[in-house]
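Let me begin by presenting the structure, written as structure tokens, before commenting on it.
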Amino acid sequence: MKNEAKEWEKERLNPNGWLSARPSQQFNVVRRVYQQDVLNKDADYQVPDKPLSYRCKKAVQSCGFGDCLLNSVPIARWLPRYSAGRDLVGDLVAGATTAVMHIPQGMAYALLAEVPPIVGLYMAFFPVLIYVIFGTSPHVSMGTFAVACLMAGKVVTQYSTHPDYANLMNATANVTTGGVIAGPQYTPLQVLSIVCLSVGFFQVIMWMLRLGAVSTLLSEPLVSGFTTAASFQVLSSQLKDLFGVKISKIGHNYKVVLTVIEVVKNLPSLNWAAVIISAITCLIIALNNEILKPIVSKLSRVPVPVELLAIVVGTLVSRFGSLKEQFGIALVGNIPTGLPVPEVPPVELFPSVALDAFTITMVTYTISMSMALIFASKEKYEIDANQELLALGASNVFGSFFGCAPICASLSRSYIQYQAGSKTGVTTVVSACLILCVLLWIGPFFEQLPRCVLASIIVVSLKGMFMQVKELRKFWRLSKLDAIVWLVTFLTTVLVNIDIGLAAGLLASVGTLFCRSQKPYTCLLGRVLDTDLYLDTKRYRAAEEIPGIKIFHYCGGLNFASKNLFRSTLFRKIGYLKPAETTQEEDNLTKSESFEWDPTIGHRVQCVIIDATALSYVDAPGIRSLVAVQRELAASSITVLLAGANGPVLEMIDRYNSLESEQLQLDTFPTVHDAVVYYKILTSRKEQPALTIVS
């Protein structure tokens, strides 16, 4: 028998190794026609019962002290199993490579947060060490990220007082009123620290509430449109440094448009030296990324550190060429050595920055989780979404005491770190140690670095985000609604502001869900000859409707929002609502409501079977609509049957019938074929002539 089975399987395998269909092969299954209640008895159906005591017991058993420690502190799980011979070389190479990228990107992105460049290096040291302890992804590179720093910078400019501006205001107040301006004044670092603390607080709260799946609210079109638009916001913020112009302070909204206008107005006074340096830097980095990097990647895992070379060469040229004195080039300025003294953030600012901090929380967590899941899929390991919340939250809370911005996974650094051979969290430790050397000894070397070099590094690194514009075409071809979400998010973020754009994208995403729920897939099913298969008659020409029987297939949920749509669609499909006869003048006016009731439906349809195999959920208003449909069709002598409903739907119907006076009395069947055969048997019995016995 085994040999025969193997031979039969070989016959069915096509050259590609797939099982091929055999039209001549038939399987005959003989069983009784089941109604749902009879099947429940035969199959011993039982409603799952999990009382509160059972759930509490399972929770305690599955979360002992040891398990909780290992789950909450993943380093306690992987560090004892660390193999130096297997992993150390890869971690050292990847750590050194990532540190080289951290230096230019950290200094550049710190400018987006409106704080000194040294803060970007703090972010590459303090919070990432905490992430090593609590994080579950060894391949993502945490630290500065353009979008996160830009969003934090928007809050900094809104609530901080620039030192020069504060001195000017105080001097003016002394002259005019003889006093100092009232109200608290916060430095950019203080505002940034409370933003970071708030983000960490929200992430820890979300971890406690097990809200790791909340990131799914940000759909792929929303994230793509948002990050693409944010790249234009980043670009506009760097125009003044690229062209070496000074522009007036711009409000919070319409910043991209107003910045471009201001830069154009100041073009006559642009700094040609800054323009030339920016052009040369951008050209060299772009040529490296497009031409040299693909060649080097085939020969070595370590890429050419062109960004680091750019800031080193830029610093040397500035130092020996006296660019500031000769051409008025803006420089990075003072970079302190050593580690900063921890300070408590101004917690009184929390109510003011809470909304912006929550927005940053959602964005940074979604981007970080997306990157972590990409590498987890490649390397076949699991990422704990809730644990990542704890890791990010603890990192941000710790980093806030050192004036850091909220950390996020960097797309470019993460890919480089992965390609360089990162194996474990030791990669991050190696990178942090090298950053510590820069903080302790090398930092002041970069004080003469032109700001236009950092701006050029930022602009070139945005290329990947700019190229996401191409995804609009993909979304348009897949779904027009997804494309609309992308456009709404992108245009609102670019033209108005980042937080408003994200809110608009969320509303658009929720709107698409509602639109899709209002257009569920419905059809009439027909039977394929000599089978028990029932398929969409519009898509399968071999499927033919059974005379007198309409089989209505409905996908989705039946609830308070879709009950009217379900009723009207059902009546239209079975012909109870027929197209109204309108005059030519009225046709254009009443085209959308050109249906009328057909009282003669009972002559053409005797049975309506509702195929509920794809009915995912039903609530009380949905069941009430089923009651109304059944009564209305019964008034026209039409039998209504329900087929294929799952267990939770049937249990909901039973609960409804036990509480409501108007009960749903429907014959239910496990399959459509059972319902069809049952109705045919029922009809044949009614049509048999009565036997009269004459005595």
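The backbone N, Cα and C atoms fix where each Cβ goes, glycine too.
Note: TrEMBL annotation is automatic and uncurated.
Marked as transmembrane segment by TrEMBL: 111-134 (among others).
If you look at the transmembrane segment (191-209), the same-chain residues 6 or more away from its ends with a CB under 8 A from one of its CBs are 113-115, 119, 152, 155-156, 159-160, 343, 345-347, 349-350, 353-354, 356-358, 360-361, 364-365, 386-387, 389-390, 392-406. The annotation transmembrane segment is assigned in TrEMBL to 191-209 (among others).
As annotated by TrEMBL, transmembrane segment applies to 272-292 (among others).
Long-range contacts of the transmembrane segment (357-377) within the same chain: residues 136-137, 139-140, 142, 145, 147-148, 151-152, 155, 195, 198-199, 201-203, 206, 214-215, 217-218, 223, 226-227, 383, 385, 388-389, 392, 406-409, 411, 414, 418, 498-499, 502, each at least 6 residues beyond the stretch ends and with a Cβ under 8 Å from a Cβ of the stretch. According to TrEMBL, the transmembrane segment annotation covers 357-377 (among others).
Taken from TrEMBL, the feature transmembrane segment covers 389-412 (among others).
Long-range contacts of the transmembrane segment (424-442) within the same chain: residues 75, 78, 82, 87-88, 90-92, 94-96, 98-99, 102-103, 106, 118, 121-122, 124-125, 128-129, 131-132, 135, 138, 141-142, 337-339, 417, each at least 6 residues beyond the stretch ends and with a Cβ under 8 Å from a Cβ of the stretch. Feature annotation from TrEMBL assigns transmembrane segment to 424-442 (among others).
Sequence-remote contacts of a segment are chain residues at least 6 beyond its ends whose Cβ falls under 8 Å from one of its Cβ atoms, and for the transmembrane segment (448-466) they are 104-105, 107-109, 111-112, 117, 146, 227-228, 230-231, 234-235, 238, 241-242, 244, 274, 277-278, 281-282, 285-286, 289, 307, 310-311, 314-315, 318-319, 323-324, 329-332, 411-412. The transmembrane segment annotation in TrEMBL covers 448-466 (among others).
Taken from TrEMBL, the feature transmembrane segment covers 487-514 (among others).
If you look up TrEMBL, you'll see 539-679 marked as domain 'STAS'. DSSP labels the residues of the domain 'STAS' (539-679) in these numbers: 58 helix, 34 strand, 49 coil.
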